[in-house]
Amino acid sequence: MSKTQNHQKVILVGDGAVGSSYAYAMALQGTAEEFGIVDVVKERTEGDALDLFDATGFTFPKKIYAAEYSDCKDADLVVITAGAPQKPGETRLDLVNKNLKILSSIVKPVVESGFDGIFLVAANPVDILTYATWKFSGFPKEKVIGSGTSLDTARLRVAMTEMTGIKDPRSMHAYIMGEHGDSEFAAYSAATIGGRPFLDWAKEHGVSKEDLDKMEDDVRNKAYEIINKKGATFYGVAAALARISKAILRDENAVLPVSAYMEGQYGLNDIFIGTPAVVNGTGLHEVIEVPLNEEESKKMTESAATLKKVLTDGLKALEENK
């Protein structure tokens, strides 16, 4: 970590709905003693900083302020939420060209500040933008993490509580994997409840494959439902970012579903994709390769192929438009 354990610093880049929700979650959580906010709309960051600072009167002491890229120099963590929002009817992959351009204008000044901490990326399409952050920054792969399927996994676990009647989502050990987007899938074959395979529980309780497919599909499409109703999703992903941030800042060695770089895991290479991984103060410590069945392995391969094509096309377009 770049600062002492007793004083940790986070810089947020992007003060939109996701960014401000994340800032609030961090204020409530009490991790990081210093929190700076960078955005092109400087007045908004100043207002949010003042508002959030008021909240510390009820939570934890914290220095919160409108920051500049130069403030990243001694930060432990830079969190990127800036980007064009996903509109109704638009997929996350549709955002790639717009947000690659925005991202390139962010990563350069962060790195030029002397920043030597960890990047956490949440802007969509997150797997592609995490890869691009790694490429643009020149950082070691371990120091670049995407929020990946963390929110999707939470949605699956919540859905499983409704199906099983077991009310605590933390009792559900199951993961959504692959792209954070339309090609993601539920790794049901590796899911457990209290150590028991979830598929055994489902069979015993008369849950059909159609029921499981519907739950997976509902999870996959939940973001679209929320976007159609209120214009954007932000509370869920903000909570996910706060959880990942805590694992980094508290050096937890926690297993979390994130977007991680592949070096042979699942037969994949040179791609960031959603998988459980060990997250700690050094960043992404280790990928946990989930044992997938044949159908799930095929889905993981297809999801990676989808991402790689869009990534290649997006980076090529960015280079041509320079």
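Count begins at 1; order follows the chain as displayed.
In case you wondered, yes, glycine gets a Cβ from its N, Cα and C as well.
Annotated NAD(+) binding site per Swiss-Prot: Val18, Asp39, Arg44, Tyr69, Gly83, Ala84, Ser105, Ala122, Ala123, Asn124, Ser147, in sequence order. A sphere of 10 angstroms centred on the C-beta of Ala123 (NAD(+) binding site) encloses 31 other C-beta atoms.
Per Swiss-Prot, the feature substrate binding site maps to Gln86, Arg92, Asn124, Pro125, Val126, Asp127, Asp152, Thr153, Ala154, Arg155, Thr233; the stated evidence is sequence analysis. Counting only same-chain residues at least 6 apart in sequence, those with a Cβ under 8 Å from the Cβ of Ala154 (substrate binding site) are Pro169, Gly236, Ala239, Ala240. A helical conformation is recorded for Ala154 (substrate binding site) in the three-state DSSP classification.
Sequence annotations record features per position, and here Swiss-Prot assigns beta-D-fructose 1,6-bisphosphate binding site to Arg157, His173 based on sequence analysis. For His173 (beta-D-fructose 1,6-bisphosphate binding site), the same-chain residues lying six or more positions away in sequence with a CB closer than 8 A to its CB are Ala191, Thr192, Ile193.
The feature active site, proton acceptor is assigned by Swiss-Prot to His180, with sequence analysis given as support.
Positions annotated as phosphotyrosine by Swiss-Prot: Tyr224. For Tyr224 (phosphotyrosine), the same-chain residues that are 6 or more apart in sequence and have a Cβ closer than 8 Å to its Cβ are Pro88.
Considering only the binding-site residues Val18, Arg44, Ser105, Arg157, Thr233 (substrate binding site) has Val18 as its nearest partner by CA-CA distance. In the structure as shown, the Cβ atom of Val18 (NAD(+) binding site) sits within 10 Å of 27 other Cβ atoms. A helical conformation is recorded for Ser105 (NAD(+) binding site) in the three-state DSSP classification.
Counting only the Cα atoms, the space from Gln86 (substrate binding site) to Ala123 (NAD(+) binding site) is about 10 angstrom.
Taking Ser105, Ser147, Arg157 as the binding-site residues under consideration, the smallest Cα distance to Asn124 (substrate binding site) is found for Ser147.
Put simply, His180 is the one of the recorded positions Asp152, Arg157, His180 whose Cα lies nearest to the Cα of Ala123 (NAD(+) binding site). For the recorded positions Val18, Arg44, Gly83, Ser105, His180, a Cα to Cα distance of within 10 angstroms from Asp152 (substrate binding site) holds for His180.
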